[in-house]
């Protein structure tokens, strides 16, 4: 009994350690990107180039880990049809999300960008309804209204609002919502289940190619002409490593806990980022209206997560019941 209690305690410690690691890496990566892009710090004001570096680094590292060192395994089942119809759209939307999200940091504060991200469930739900994956209901309409109202209040309380940054951030939100929709289609309609390492293995090269084309036309000429920035190999390499570690931490949390845990941890992380950014960055000034609006939005996000998880749980139960019916009928006939 004592051994079992010790084992459960050690597993609990490991689980909480993974959750804290995810919160620390996710929050730290946001601050790290802002620090690299800021003209007052590292002064690498090229979000497209930074995102491209992340994807190239992730592609190379995934290949080394899975094909050279064979430490991790890539799931089977990928076909050319699935890659063209699902992986390429996911990779394109992932590239769009990271590019526009990082660009927003050039114009708005980290805290305000994080507040705007709370609108994500609204974008996912609207696009899900359009794709036939979600069903409109009075309850969901109320939840979406609460989230939208909270984000509007938080935006109204922003002192130094920059609409260019808001547009970039909203574009990143739409890109992420589309990515999640394509991921759901990949899993539900294609029947393919990939672990995060496999997703990174397939998606990262595609995202890198999607970023390479606009980088050549939009940022490369500026980088060739501009002499006011300096390339920091060590800093940028560490930034890429942190991005890869963040993706792996998500895998560790999900594999040791559940989707509910990662969503709750995400809400905690959002508050950590909002509050810490006010202390770390001069341009992040929180007002009472900011915080009240964000609290309303997060309450709506929590209600949305709860609704989705209950729906998933009921679906799993119904699937298990349906699978058990043939066993019951066969055992009855045998008797």
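In case you wondered, yes, glycine gets a Cβ from its N, Cα and C as well.
Taken from TrEMBL, the feature transmembrane segment applies to 12-32 (among others).
The average pLDDT computed for the domain 'Sugar phosphate transporter' (17-305) is 85. Positions annotated as domain 'Sugar phosphate transporter' by TrEMBL: 17-305.
Long-range contacts of the transmembrane segment (44-66) within its own chain (CB-CB distance under 8 A, at least 6 residues past either end) are made by residues 33, 36-37, 72-74, 95, 98-99, 102-103, 105-106, 197, 200-201, 204-205, 207-208, 211-212, 214-215, 218-219, 222-223, 229, 231-232, 236-237, 239-241, 243-244, 247. The transmembrane segment annotation in TrEMBL covers 44-66 (among others).
Positions annotated as transmembrane segment by TrEMBL: 87-108 (among others).
Look at TrEMBL and you will find 114-133 (among others) tagged as transmembrane segment. Taking Cβ pairs closer than 8 Å, the transmembrane segment (114-133) reaches residues 30, 108, 140, 143-144, 147-148, 150-151, 154-155, 166, 169-170, 173-174, 176-178, 180-181, 184-185, 188, 270, 273-274, 277, 290, 293-294, 297-298, 300-301, 304-305 in its own chain, all 6 or more past its ends.
Outside the transmembrane segment (140-157), and at least 6 residues removed from its termini, the chain residues within Cβ reach (under 8 Å) are 112, 115-116, 118-119, 121-122, 125-126, 134, 166, 287-301, 303-304, 307. If you look up TrEMBL, you'll see 140-157 (among others) marked as transmembrane segment.
For the transmembrane segment (163-187), the list of distant contacts is 82, 86-87, 89-90, 93-94, 96-101, 103-108, 112-113, 116-117, 119-120, 123-124, 126-128, 131, 133, 155, 193-194: same-chain residues at least six beyond its ends, Cβ to Cβ under 8 Å. What TrEMBL lists as transmembrane segment is 163-187 (among others).
Sequence-remote contacts of a segment are chain residues at least 6 beyond its ends whose Cβ falls under 8 Å from one of its Cβ atoms, and for the transmembrane segment (199-218) they are 48-49, 51-52, 55-56, 58-59, 62-63, 66, 74, 78, 83, 87-88, 90-92, 94-96, 98-99, 244, 247. What TrEMBL lists as transmembrane segment is 199-218 (among others).
What TrEMBL records for 230-253 (among others) is transmembrane segment. Beyond its flanks by at least six residues, the transmembrane segment (230-253) meets 18-19, 21-22, 25-26, 28-29, 32-33, 36, 42-44, 50, 53-54, 57-58, 61, 195-197, 200, 261-262, 265 of its own chain at Cβ-Cβ distances under 8 Å.
Annotated transmembrane segment per TrEMBL: 260-282 (among others), in sequence order.
For the transmembrane segment (288-305), the list of distant contacts is 111-112, 115, 118-121, 125, 140, 143-144, 146-147, 149-158, 260, 263-264, 267, 270-271, 274: same-chain residues at least six beyond its ends, Cβ to Cβ under 8 Å. The transmembrane segment annotation in TrEMBL covers 288-305 (among others).
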